[in-house]
C-alpha cells in the first residue's frame, strides 16, 4: 500500500488530480491511499504518507516543506507543470512511485 | 518585442517571485493567513444570516412571499440576527485565537495555550467589563488589526519566555497537563504587566480603547486600500505572480484579507443601521467580478478552448470547463499553458484589470449593490456575485457581461496561439504519416 499526499493552495485543484491518480492506481491494480490537502495542513499530515507532491503553483514552498518533511525522511517534489494542467493521473502516479522507490534506496 | 518580453519575464521570475515566495513563507504572514482561513466558515454563515435578515424587497412590496419574509424578519429580528452577532459581530475574537494557535504551532509551542492567552488579552484590551457586561463594539471589524497585533504579541511573549527558559519549573513527576497550565502563569503576568497599564493610560488620557486607537492609526491605509488604484495594483501583482507560475491569489489575497474583512464589517454595520454602504473592495468583489472563472478571468478563454480546432486546446477546454465554473483554473493555467506563455500574457493581465475598472465603476455609481456578504470562493461566478451583493440580479447581468467581454479580449490572442499549435499538430501528424509510410 502506497500513501501519497498532494498539496496545493487550498487542496482544490490537486483533488482533481487525486481522482485521476486513484483511477490510474486501480487500473494498475495498485493499492494506494492518495489525498489532497491545503498547504496549511501539510505539517500535520506529512508523517502519515510516503511522499508529498506539490501543485506547481506553490513550488515556492518546496524548500520550506522539504525541511519539515526531512524530520520524517519523506521526499517532497513539485508536479510537472504540463502533467498537472492535463490532469495526467497516470504519469503523476508513476513519478510518485519512482520518488518513493528512490527514497527507500537512499 | 521578444527581447522586451524576455526581460520582463526575467524580472518577474528573478525579482518579484522570490520576494513573494519569501513573504508568503514568512512565519507571521502564514499564521495570519491561516488564522483568517480558520475563521472563514463562521464568517460565511454569519454573513449569510445577515442577508437573510435583510430581504431584497422594498418595504411596501405587494408580493405575498416578500410580505411574508419582511413580516417574519421584523417580528423575529433579534433571534435571526443572533447567529450574525455571535460570528461576524465578534469576528476579531475568532481571528485572535486562530492566529495565535497557528503561530504557536509554527514555533512548536502549545497552540491551545497561546490561543487562550491571546483571547484573554484581546478581551482585556478590547472589551473591558463595565456594569456586568462586555462591550462587543470593538470585537467585530474594528478589532481586526488589534486581533492580529495582539495574537502576534502574546505568542511572541510565550516564545521569548520559552527561549530564555523563564517560567516555573515543576518537578518531572508532575503530570504534563498540569505542568502545561503552570507554563502559562508567567506569560499571563507579563501580558498584564505590559498591556494593561497601556490600556488604562489610553482610556484615562484619550478615552479610547486600544482597538479604537489602532483603527485610527490604520484608517488612512484602510481607506487607501479601498481605492481603484489600490485594486489595480493588487490585481496586477497577483497576475504577474501567476504568470510566473506562482499562486498569486493566495499571496496577494493573504495580505489583503485584513482589509477585506474590515471593509466587510463596515458595510454590514451600515446595512444594519440602514445607512449608505461605504466600501467596495471585499473578497467576493475580487472573486466573482475581477477573476470570474479563476485568476486571469479565464472563463472566456475556456469557452474559446471548447470549440478550438486544436486538439490540445479542446482537451484543456473539456478538462477545465467544469472546474472553471467553480473558479478553479489550474488546468487552464498550467495545461495551456498560460504560465510563461508570451502569447497569452497580455490578455491574462489586462482582462482582470478591465473587469476591475468596470465592476468598480458599476458599484460606485450604484448600478449594482455593494458587496455585503461573504460567499465561498468556489461559488460559481453569477451565483456568488448575486449572493454577496444581497441577491442583486443586476450583479448577475454584470458577471455575464464580463464573461462575454473576456471572451472577446482573449479571442485574438487565442487565435494566434491556436494557429501556432495547429501548425505543430500538423507537423506531428505528417511525421507520424511519414513513419507509417516507411
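Using N, Cα and C of the backbone, Cβ positions are placed for all residues, glycine too.
Caution: TrEMBL annotation is automatic and unverified by curators.
The stretch that TrEMBL tags with transmembrane segment, taken from the ranges B:375-394, B:395-414, is B:395-414. When TrEMBL is compared with the stretches B:63-82, B:143-162, B:203-222, the one noted as transmembrane segment is B:143-162. Feature annotation (TrEMBL): of B:35-53, B:263-281, the stretch labelled transmembrane segment is B:35-53. Between the transmembrane segment (B:285-306) and the transmembrane segment (B:395-414) there are at least 3 Cβ pairs closer than 8 Å, counting only pairs 6 or more residues apart in sequence, which means the two stretches are in contact. A Cβ distance under 8 Å defines the sequence-distant neighbours of the transmembrane segment (B:395-414), meaning residues of its chain 6+ beyond its ends; these are 288-289, 292-293, 297-301, 303-305, 308, 313, 343-344, 346-347, 350-351, 354-355, 358-359, 362, 367-369, 381-382, 385-386, 388-389. Across B:84-104, B:182-200, B:343-362, stretch B:84-104 shows the highest tally of CB pairs under 8 A with the transmembrane segment (B:143-162).
Here the transmembrane segment (B:343-362) has Cβ contacts under 8 Å with residues 5, 228, 231-232, 235-236, 238-240, 242-243, 280, 285, 289-292, 295-298, 300-301, 336, 368, 398, 402, 405-406, 409-410, 413-414, 416-417, 420 of the same chain, all six or more residues outside its ends. Under 8 Å from some Cβ of the transmembrane segment (B:111-128) lie the Cβ atoms of residues 92-93, 96-105, 134-139, 143, 146-147, 150-151, 153-155, 158, 180, 183-184, 187-188, 191-192, 195-196, 199, 203, 209-211, all in the same chain and six or more residues away from its ends.
Counting only same-chain residues 6+ beyond the ends of the transmembrane segment (B:84-104), those with a CB under 8 A from a CB of the stretch are 27-28, 30-32, 34-36, 38-39, 42-43, 45-47, 49-50, 53, 110-119, 122-123, 126, 136, 138-144, 146-148, 150-152, 154-155, 158-159, 211, 261, 264-265, 268.
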